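Read the structure below first, then the notes.
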Amino acid sequence: MRANLNVVLAYLIMLSLIVIVGIFQSWSFALSILNLCLISAVMTMGVNIQWGYAGLFNVGIMGFTALGGLAAVLVSVPPVREAWQVGGLSMIASLAIIIAIVLAVRFILKQYPKSNKRTFSITAVIVVGLIIARLVFGPAVESIEAISPATTGFLGGLGLPIIFSWFVGALFAAGVAYVIGKITLGLRSDYLAIATLGISEIIIAILKHEDWLARGVKNVIGLKRPVPYEVNLQETDWFINLVEKFHSRSLDLINDPSEKQEAIKQLVIEGSSVFVKLCYAGLFAIVVIILLILCQKALYSPWGRMMRAIRDNEEAANAMGKNVVKQHLNIFILGSAVVGIAGAMLVTYDGLFTPGSFQPLRFTFLIWVMVIVGGSGNNFGAILGGCVVWFVWIEAAPAALYLINLFTSAGEINPFKAHLIESIPYFRYLIMGMGLLLIMRYRPKGIIPEKIKHV
Amino acid sequence: MTDLINALVLLSNFVLIPAITYGSQLALGALGITIIYGILRFANFAYGDLMAFATTFTILFTWYFQSIGISFGVLPTALLAIPFAIIVTIIFCLITDKLVFGYYRIKKSPSVTIAMVSLGVMFVTNAIVRIIIGPYDRRFADGERFIIRANEFKEMTGLNEGLAIKSTQVLTIVITIIVVSLLFWFLNKTKTGKSMRAYSDNEDLALLSGISPARVVMITWIIVAILATFAGSLYGLDKSFKPFTYFSLLLPIFASAIVGGIGNPVGALVGGYVIAFSEIIITYAYKKFFAYLLPESLEPNTLVQFLSTDYKFAVSFSILVIVLLVRPTGILKGKTL
């Protein structure tokens, strides 16, 4: 217990910070911070699997998050029947062509020895295949996007409950990670970084511009929720009773019945948003706990020990007969899948999918700051890092405003102050950068360092 | 015959000249990345933002000169501002090295750790740029905009297609040639340059033969600052300055450096042009080009564009992947400065 004291203490401090926000700002706001902390925690666990367990430098977290988000759309939105009628067959055909290209290339690679002739034939297969695919694909896209573009204009999804997308998101991310890993793992470690940076930009570009898939920058809004809607809650009796019971003491002080009705109504509206966010928090907490248990089990299993051995001394592990590249590929896929879950959770929570909002600073590099600050190699550290950094990220802007007002004379408006206030959003980049640099320098193992149990 | 010339003029106007210009800008950037990689031995993710930082100061000095009425005649005022921006950027680079990178270099941290540290520097530089100049799009080119205008060219030659050459395009190409030749002269002919190459080849041997690492590192940062300022300012002059664009330039620049063979300056140069040409060739719509060349009956009714310009990044990335698959060391062998 004493060994874990600092961990418990760190989490208690984090929790009390959120409670303080609840008391001083509002509970609804505090809960939305908590929810995003939990989502960030899932992302940091994914990155921690890659970096902390295996030392893989993945700078494409944004792409895997977005894939998770795409899964949320494709699973939950009802299918658009007209679009399937006009373009569905051609879309399936072009998908089949692409699969055929991949299979053909694999066949050629397996069947013939390396030669110029092989390279040329592979190129020919890819080029010809892509041209055919484009001829089928182009008209289909046009006809799909023409179907009431203001509301649909895409193929739609499966119309299943959105919760399923958390698994599908993991699958999507894992699939892409497999392809990327196959190509770049085994080359120099920096190449993985550049390759992931590239693939994430491409994923975002595809999501932004392929309207038939998920409406592109026109966004998909109003995704179905896994939890009740505020409007419905405000009309259900048990919820109103619950709110009355919860606030009975303060309500008793009001004598006038009409005033009391008014107060209850107000409380019910506030309560409904808090209740919805609590439901989300519960769902997210379940995911975090399940993943945490799995991660801990994996980390302290023979497999986890092998991964750490590979991370700390690749050559020695190789000499002991461990297939480093294969294990790296496994762990890269696993970590990316967890990030994909987080992406699906994020879109579920927002209720909308906006490809334009995916920015590398927020969705890739901020996650890195979280992992490094929290403590790479330690799941509790990574989760804490996710919470702390998200909290700072949100509260940095109000804090910066407060400081600027403190140091410049109040009330006075001069150009310098106006400029500072205008650039408040960028102070948080400064804080994040400084935080990362200071931690890397003075506490390179993070707030909660990695602990290796020797058995 | 005129159809053929028209087609060629069309291609030079929309493919050849823009690609050479963009390639030069990428090559300058990739040279910086490759030199940092070759000598300091890490992938610097802060480089895009370093370029933005340098350009910010070019813009600030340009505004200052404009406000006191100094101009450079037909050339953009920014050219006068670049030397001052270089000085500021050199100071910034040396400070970051002193405060941040130096510690890890002396500790001999793994290169991935230093790359991670460069993420922190990236955040800070990013914030500094945005706090100083804001996130908006800015144009700061002044002076004569065109060397040849499309209309003038049409009148001169009597062709249907115009050829417009912007002065910033010519400037970019000329300055790149000057900077790159000076750099290669420095690396190959001077004693300091040779000591840098020796240090990049084999650090321990270089130390044994009495090369001062502190001096090599300092000169490396000075060269990097100069390259970053030129790359950033020329890109900004030619297109426009927006901090986020500079951040996204990181991918094509890294791709250029790796495609050419990271650590190899000639490779960076080659990589820059390879990436630029393929990006522009693949995203250009050839409809008009074919309309000139083919008989009317065969005229294409689509744009004849392989990929829409939205997928520019996909092109540099695909080239990168192909090179990694076929020749993992890059077109020219990497890691020899």
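Count begins at 1; order follows the chain as displayed.
In case you wondered, yes, glycine gets a Cβ from its N, Cα and C as well.
Keep in mind that this is a model prediction, so the values were computed, not measured.
Database features, via TrEMBL:
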| type | residues | note |
| --- | --- | --- |
| TRANSMEM | A:7-24 | transmembrane segment |
| TRANSMEM | A:30-49 | transmembrane segment |
| TRANSMEM | A:56-77 | transmembrane segment |
| TRANSMEM | A:83-108 | transmembrane segment |
| TRANSMEM | A:120-141 | transmembrane segment |
| TRANSMEM | A:153-179 | transmembrane segment |
| TRANSMEM | A:191-207 | transmembrane segment |
| TRANSMEM | A:280-300 | transmembrane segment |
| TRANSMEM | A:329-349 | transmembrane segment |
| TRANSMEM | A:361-380 | transmembrane segment |
| TRANSMEM | A:387-406 | transmembrane segment |
| TRANSMEM | A:426-443 | transmembrane segment |
When you scan the chain for residues with a C-beta under 8 Å from the transmembrane segment (A:280-300), skipping those not six or more beyond its ends, what do you find? 31, 34-35, 38-39, 41-42, 45, 48-49, 53, 166, 226-227, 338, 341, 345, 349, 379, 383, 453
The transmembrane segment (A:426-443) in contact with the transmembrane segment (A:361-380), cutoff 8 A, at least 3 CB pairs, sep 6+: yes
List, by number or range, the same-chain residues at least 6 past the transmembrane segment (A:361-380) whose CB is under 8 A from its CB atoms? 7, 11, 40, 43-45, 47-48, 51-53, 59-62, 65-66, 197, 200, 292, 295-296, 299, 308, 386, 388-390, 393, 429, 432, 435-436, 439-440, 445-451
